[in-house]
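Here is what TrEMBL says about this protein:
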TRANSMEM  37-59  transmembrane segment
TRANSMEM  79-97  transmembrane segment
TRANSMEM  103-121  transmembrane segment
TRANSMEM  188-206  transmembrane segment
TRANSMEM  213-237  transmembrane segment
TRANSMEM  262-281  transmembrane segment
TRANSMEM  293-316  transmembrane segment
TRANSMEM  322-340  transmembrane segment
REGION    351-374  region 'Disordered'
COMPBIAS  360-374  compositional bias 'Basic and acidic residues'
Amino acid sequence: MAEVEPVPEAVLNATDSNGTEALNATAKFVATPEGTALAYGSLVVMALLPIFFGALRSVTCSKSKNSADAPETITSRDAARFPIIASCTLFGLYLFFKVFSQEYINLLLSVYFFVLGVLALSHTMSPAMARIFPPSVPNKQYQLLFTQGSGESKEEIVNYEFDTKNLICLVISSVVGVWYLLKKHWIANNLFGLAFALNGVELLHLNNVSTGCILLGGLFVYDVFWVFGTNVMVTVAKSFEAPIKLVFPQDLLEKGLEASNFAMLGLGDIVIPGIFIALLLRFDVSLKKNSRTYFYSSFLAYIFGLGLTIFVMHTFKHAQPALLYLVPACVGFPVVVALVKGELTEMFRYEESSEEAEPKEEMESGESEKKKDQ
């Protein structure tokens with residue numbers, strides 16, 4: 001789920017265009033310093049984009065009155081169970097790849113992620129499409145309704161409303177999906193991966209900072225164990241042909257878009273710290289001080305942690321559990337800032353629902369004061 005793959009010169013076998021081990025690799029690929037720097041730099045930039053824009057969109061999402069756009073809130077109980085569920089899922093995939101044919105498993109996964117990727121990319125593109133859509137073109141409304149039964153017993157199974165803008169986004173996303181399905185090209189993989197990451201940061205909300213600490217702490221242990229304790233994480237990452245990781249070729253300068261030797265970053269290393277950083281941005285907004293101190297401090301902490309991960313990986317030529325470096329940085333930096341500013345208690349008391357409760361309390365107190373005046 002979350003690991004950074006070392007440079008291929010440390011791997012005995014070369015990798016093919018899908019990120020899996022090549023069967024016929026008689027010579028090791030040695031990345032040039034320029035190619036390595038370009039690959040790692042691109043991975044860092046690609047990791048930062050969904051965190052930054054996903055966090056900004058999470059603020060709007062939290063204020064949305066549309067139930068269809070309502071975020072999924074992670075509670076402390078969910079956070080405590082998540083590493084266990086993730087471990088079972090990871091080990092289950094590992095056993096599947098060991099027992100069954102990798103080709104057929106990846107075929108099923110490709111179709112599954114094709115559908116999810118098209119929807120995620122379409123949702124990601126929607127705000128941009130709303131801005132560039134020509135006013136002269138009519139924006140027609142559509143509804144996809146699927147029901148079961150008839151008369152009074154009729155029950156809605158699917159009731160999806162969309163417009164021309166959404167339809168255009170869906171068509172463009174479908175073209176990318178077909179490209180990914182047929183070619184498994186790394187650019188198509190990254191488009192889907194970025195969409196998954198941005199949607200995750202936007203729509204997965206932690207209810208408070210304590211829950212974030214529980215989640216990140218649990219996945220810290222999970223990541224370290226499965227990367228350093230076993231070969232399960234690395235094996236699944238290389239075998240799993242799905243856009244659950246961002247990849248960038250280290251031989252791009254030599255081979256162009258047909259390059260095939262990749263450095264990779266798991267989406268878990270983006271989404272998990274990303275939802276915590278997004279929570280801190282919403283906390284900044286709740287303070288109503290027109291500053292984004294906690295957001296920027298955690299964002300810089302993420303850059304520091306990811307840079308440290310790449311440095312250690314490149315030095316020791318071994319896959320690294322990125323959360324080993326990202327979790328202490330992303331939690332530690334904001335906590336230190338809160339201590340300096342004397343807002344540590346306020347930060348840990350912040351609840352997602354508190355923003356919605358405050359206006360109601362003000363309204364109720366205002367109504368009671370009016371009644372007293374009367």
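Keep in mind that glycine also has a Cβ here, set from the backbone N, Cα and C atoms.
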Interface check, the transmembrane segment (213-237) with the transmembrane segment (322-340), three or more C-beta pairs under 8 A: yes
Among the ranges 79-97, 188-206, 262-281, the one whose Cβ pairs under 8 Å to the transmembrane segment (322-340) are most numerous: 262-281
Positions whose Cβ lies under 8 angstroms from the transmembrane segment (262-281), at least six residues beyond its ends: 1-8, 15, 19, 36, 39-40, 43, 46-47, 50-51, 54-56, 58-59, 74, 186, 193, 196-197, 200-202, 204-206, 208-209, 212, 215-216, 219, 223, 237, 244-250, 292, 294-295, 298-299, 302, 305-306, 322-323, 326-327, 330-331, 334, 352
